Amino acid sequence: MGEAVGAKSTPGTPRPGAYSTPGTPRPDRNSTPVTPRPASASPRPPISAPPSQFHSPSLSRSPLLTPDHIVPSKTPRSSTPRNATPRIRTPRFITPLGSPLRRALQLTKLDPQDAWLPITESRNGNAWYAAFHCLCSGIGFQALVLPVAFTVLGWAWGIIALTVAFAWQLYTFYILVQLHENTETGIRYSRYLQIMSANFGEKKAKWLGLFPILYLSIGTCVALNIIGGSTSNLFFQTVCGQSCTVKTLTPVEWYLVFASAAVLLSQLPNLNSIAGVSLIGSITAVVYCTIMWMVSVNKDRLPGITYKPVRGAKEIDRLFEVLNSLGIIAFAFRGHNLVLEIQATMPSSEKHPSRVPMWKGAKAAYAVIAACLFPLAIGGFWAYGQRIPKNGGLQSAFYAYRRNDTSQFIMGLVSLLIIINALSSFQIYAMPMFDELESIFTKRMKKPCQWWLRIILRAVFGYGVFFLAVAIPSIGSVGGLVGGISLPVTLAYPCFMWLKMKKPKKYGKMWYLNWSLGITGLILSVLFMAAGVFVIKENDSKFEWFKPK
């Protein structure tokens with residue numbers, strides 16, 4: 001220290017700032033130099049992030065821009081700082097949900113691949129985007145198959161099963177929204193498989209969750225290709241008319257047309273970029289569902305229809321038919337494999353967690369879904385009863401029985417809306433597969449996927465789905481099987497993850513509720529899969545593989 005600063009005062013010498021004579025002028029406070037930092041003090045280590053994450057939307061509302069070190073000014077400031085302790089410049093971290101902050105800084109990991117992959121490439125979503133995505137993924141062609149389940153279950157059990165399934169899946173949806181962000185570590189689980197790995201371990205997660213998640217995405221896209229291709233043929237016939245002499249395409253060619261349109265639309269880069277597509281898909285689904293059940297109910301009922309449940313000749317046949325019908329209802333509520341992915345597109349911070357806008361948008365979406373599914377299932381079964389075809393459900397019944405007494409405009413409009421909705425839903429259900437395919441490349445090459453490779457990967461997936469759509473005979477034949485395979489993802493696994501992460505009081509209400517729902521979901525999944533395989537095997541002679549209709 002210099003003499004002027006560090007010298008001790010001698011007895012009798014007044015202290016600096018102490019004056020005995022009134023009127024003596026005070027020295028200027030601003031003339032006191034800043035006390036320099038001791039040379040022994042080690043500099044604080046910088047907090048940095050991968051270069052690709054500086055401006056990545058996967059960070060919080062402000063980017064993580066922290067200087068490598070604080071360089072002291074060469075010219076000393078002319079004022080003494082009010083606080084001798086240097087100000088700590090702590091950045092607002094990726095998801096600062098942890099407490100204390102030091103734990104969040106230690107445990108939160110920045111993955112540079114998040115800025116390269118389609119799901120987490122953009123994080124500027126909001127409650128509106130969440131509502132659009134949830135509505136587009138939660139309602140669509142699967143609703144048209146619900147009256148087929150009523151033909152086996154009947155009025156009472158059909159309505160009960162539909163109500164219980166809706167409440168159950170809404171509860172597990174809420175669980176996933178709450179578990180997306182870990183409040184202790186600040187980590188966000190942006191994919192369903194990630195949160196399963198955190199709870200059950202990486203190996204168990206792959207064994208238990210990888211196949212159902214991928215099967216749900218691929219199976220839904222296959223069903224959408226079947227619906228879109230067959231409805232394109234109906235739309236052409238409706239618009240052209242019965243007296244049309246133009247030669248139509250074959251069913252395989254119509255499937256190929258739909259697949260090509262889906263591949264072209266799939267070139268949108270990330271999940272947030274298809275928010276407008278999901279909005280269009282949501283509007284078209286609500287409109288065509290409303291038109292179909294309202295037209296069916298307003299018209300006179302078909303003569304000779306009955307509502308008596310269809311029963312097989314043997315007890316085992318009746319049992320598996322009931323289980324397959326319950327699987328069809330479970331298939332109608334698929335989409336939980338997209339909950340975390342949709343929420344991952346939103347910014348999140350301690351004051352504004354992403355679960356708030358996500359749940360707000362989900363509640364609005366599921367209110368609309370309930371207003372569409374229940375009237376469609378009940379009104380469709382009331383209008384057509386046991387005459388609803390198993391292959392195609394309400395859509396086939398609508399075209400078979402209402403073509404003559406409904407205007408050509410309405411019939412063509414419904415077909416066009418179904419095609420648009422199928423194209424829109426294809427994008428959101430294919431996005432997890434696009435993300436998975438591109439993650440394989442980014443993990444190995446340590447760089448983002450090139451635009452030409454992204455086009456090739458998405459085209460390969462789209463035309464691979466087309467091949468499976470041509471091979472599978474009908475949606476009704478695989479609806480129960482798909483519902484059984486995807487049921488744990490929707491109804492069982494979220495309950496076990498809640499027990500693992502939230503640790504509710506043992507033997508309490510929430511403990512019993514989640515254990516009972518999780519175990520019941522696993523048992524029903526096994527039964528539904530067995531019933532789906534049985535129905536496919538029993539009807540194998542009626543099906544024509546690789547011959548779509």
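Don't overthink the numbers, they just go from 1 along the chain as shown.
The backbone N, Cα and C atoms fix where each Cβ goes, glycine too.
Remember, predicted model here, so these are calculated numbers, not experimental data.
Copied over from TrEMBL, here are the features:
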- 31-42: compositional bias 'Low complexity' (COMPBIAS)
- 50-67: compositional bias 'Low complexity' (COMPBIAS)
- 124-535: domain 'Amino acid transporter transmembrane' (DOMAIN)
- 1-92: region 'Disordered' (REGION)
- 127-149: transmembrane segment (TRANSMEM)
- 155-177: transmembrane segment (TRANSMEM)
- 207-227: transmembrane segment (TRANSMEM)
- 274-295: transmembrane segment (TRANSMEM)
- 364-384: transmembrane segment (TRANSMEM)
- 409-430: transmembrane segment (TRANSMEM)
- 451-472: transmembrane segment (TRANSMEM)
- 478-499: transmembrane segment (TRANSMEM)
- 511-536: transmembrane segment (TRANSMEM)
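Of the candidate ranges 127-149, 155-177, 478-499, 127-149 contributes the most Cβ pairs within a distance under 8 Å of the transmembrane segment (274-295).
Sequence-distant residue pairs (6 or more apart) of the transmembrane segment (364-384) and the transmembrane segment (155-177) include at least 3 whose Cβ atoms are under 8 Å, placing the two stretches in contact. Against the transmembrane segment (155-177), the recorded stretches 127-149, 207-227, 409-430, 451-472, 478-499 differ in Cβ pairs under 8 Å, and the greatest number is found for 478-499. Between the transmembrane segment (478-499) and the transmembrane segment (207-227), three or more CB pairs separated by 6 or more residues in sequence fall under 8 Å, so the two stretches touch.
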